[in-house]
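Chemist: Can you keep this structure in mind? I'll have questions shortly.
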Amino acid sequence: MEEPALVLEGIRAGYGDFQALFDVGLRVTPGEAVGVVGPNGAGKTTLLRVISGMIRPTRGTARFGEVDIAATPAHELPASGIAHVPENRRLFPHLTVEENLKVGAFIPSARKRFAERSEYVFNLFPKMAQRRHQLAGTMSGGEQQMCAIGRALMSSPRILLLDEPSAGLAPIVVAQVFELVKRIRDEGLTVLIVEQNVAQVLRVVDRAYVLDAGRVVAEGASADLAADPAIRNSYLGGH
Amino acid sequence: MDPFLLEALVNGILLGGVFALPVLGCNLVFGVVDVVWLCYAELVMVGMYAVWFLHTQQAWPLYLAFAAALPLVGLLGVLLHLIVVKPLLGAPPINQLLATGGVLFVLQGGAMLVFGTDFRSLGVELPPMEWHDVFVSGTKLAAFCAALAGAAALWAFLKFTYIGIAIRAIARDREVMPLMGVDPRRVYVVASAVGGALAGLAACLLVVQLDVHPFIGLSFGPITFMICVMGGLGNMLGGFLAAFLMGLIVSTGSFWWNTEMSYVIAFAFFIAVIFGRPRGLFAR
């Protein structure tokens, strides 16, 4: 089967009267790793929430291959290959690592492949194998982030959405998380990653969009963006 | 030890086992759907009538009548959810309480219309067991074992099945569930069915011990909710332990004083608990 592309056009979305996204367009082709960067409150999380169906756009189209995202209930999107690691991980702290993975494997196609997928995840994160019977809430922040990514990978997604995987983690752990993201994308999985940690994320993605106040203000190959003086000044702390 | 005190302690544990089932059922539904089924004891009452009717009026063997009560009350739980609770999911909690409280009166009135106000007895009794001057009702002991088996089955369901794990997950974080491909509305229906089936099982255990009448729910409904709150609403393990604690308080209370006073003591203890630990005895 041909891998689907994610295409967003003219997306407007928000919460009640508050509009967070203004005519945002975005495209992720299969096998690509794409970043969405920008300051706090730029609408990055909202963008991911639109893609995973958690909020409905008020205008615009969002498609993943043949699937019309805006017309599909959120709980049906994982079966079409979208997996979303939400902001703040949202693990189930009172469940064990393995039980968290089981929730990630809830959809019928994933249940059948549970053994195979959990082996893949444990191979990717050997620490999770050691801690499979530990309560997720008792692990360190970095381990919880790995568990959250593992939970999303259990459904054999065709695109992985990552919302601020580095948030709240120590710098050395952030480096480990990005190393893992790199490994996942090197295995051919399509990745869309939202980050405030612009410098780090530009090293692992092919392309990136810069989102500011709900609008795409720049886009391009990550090397070009990292070299752009305007981007460096505004979003990279001017180094 | 005084054999009568020992007997009271044993009876307290047996009673706790019977309290435990409706407490688990109530907590399951509350934990998942976030709605208190005020009519829970009346679901049990309907199950008791079902067993009584099938066994004494339709001459079904008792085990078949028991086997029918579980899915029957489970279905009643699903209907309660779909007809009464679901339309009120976004409504203020007081509306939900009033609605399920209304169902309580509908079920009581319905039972009165269909079966009248007579006390109906199943007329089955297992011989008592004796051990060192301590007499234990065989019926109560069998009911206790069945309650434990029911609780163990519930535990295994919540621990090992995908839907069971999703039920425990959704009790903590509802919004994130669709990202896992879980439709919360479907989980609500499953939890309501299981909560109803637990009421059905409780009905089987009670109908062999008590005569059924339309107001039987009042004799264990209030204490069920009290135990739920005492263990921490939605906290399954807390409710389970609190059920035994309450069973012991009631039965030793009737040993030291009398049956009426034992419930006074139980309620006084409950009031003390909610002042001291408003989130439940076993809140972490």
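The first residue you see is number 1, and the count goes up from there.
Every residue, even glycine, has its Cβ placed from backbone N, Cα and C.
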Chemist: Of B:12-30, B:221-239, which span is tagged transmembrane segment by TrEMBL?
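Modeler: Here TrEMBL associates transmembrane segment with the stretch B:12-30.
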Chemist: Under 8 Å, at least 3 Cβ pairs, sequence separation 6 or more: does that hold for the transmembrane segment (B:141-167) versus the transmembrane segment (B:263-282)?
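Modeler: No, the stretches stay apart by this measure.
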Chemist: So which of B:12-30, B:97-116, B:263-282 has the most C-beta pairs under 8 Å when paired with the transmembrane segment (B:187-208)?
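Modeler: Comparing B:12-30, B:97-116, B:263-282 against the transmembrane segment (B:187-208), the winner is B:12-30.
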